[in-house]
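Record features, source Swiss-Prot:
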type	residues	note
BINDING	His136, Asp138, His213	Fe cation binding site
Amino acid sequence: MTIVSPDKLPSARAVELTAPLDDIYQILNEDGAVIIKNFIPLELVDKINKEVDPYLAQHAAGPNHMSEIYKLTVGSKTKHMGNLTMASKSFRDEVLNHPSMHAISEKLFRANFGDYWLNRAAVLEVDSGEKAQGLHRDDSLYPWKAFLTKDSPELMVNFFIALTEFREENGATRLVLGSHKWEDSTRYPSPEQTIPAEMQAGDAIVYLASLFHGAGQNRSQKTRRGLSITTHPAHFTPMESHIDVPRAIIENMTPLAQKMIGWRTWSTNHGVPVWTVRDGRMEDELKLKSLESPKQIQAAVI
């Protein structure tokens, strides 16, 4: 096997938000990851940061439950803060309606599965002095990983938005480009095979759940903060439930955002309605109100 020197490893490819969807999808398929520049505007970055600051100040670092796999992957100086639908109006109004996020999710999931929804959204904050996270694949959290073959469709994608600069010295996410295509399920990468996903605030790294990755060591004096949004086919149970979101908040969301958090009936790729109430569509049976004309934060990808 040929060993590639770390200084000769290719960087993650980057495109503008206005790049054609087919170009984005091609890079995602070939490399397992693609950086989209200016995924959200800096004004939105600032609003999200201000909305989550008080919650993060109260949030403890380290694993927030006793799962063994989380003990191994969440460092003692890293905060994972969920509940963003209630904590951040900007998240539920703007990010959950992001046209590029939906265009990519549609491209990945629609033909094989039908509708998709949110698996989990969380702010990940890596503090100064945090060690590098162990390399992992997000889809290894789920039992169905054992039944996948090299020809299986992708089952989850992560849209990781930089809320601060991502630099190698402050713990930028490290990627093993191409590892989503490895046929040997026992193969595990070394740190020397990783490259940092360096980004400006507002950029996003989009990567497949089958790609090896992990947060880098934060050698700087500042925290590194990002917003992770994973989507997957609605056939799968999300990691985070939104059953406790007050109806007053739900009814001030768009139909698309409502469906993303499990408050609407979804359909399979054959048009079969799922997640129904009293044999009817959830939104009809609950007489659910919604905002029908969302403010789009960017033009949809072509």
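Every residue gets a Cβ built from N, Cα and C, even glycine.
Note that the coordinates shown come from a computational prediction; the quantities given were computed from them, not determined experimentally.
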Among the binding-site residues His136, His213, the one whose Cβ has the most other Cβ atoms within 10 Å is His213
A correct count of other C-beta atoms within 10 Å of the C-beta of Asp138 (Fe cation binding site) gives 24
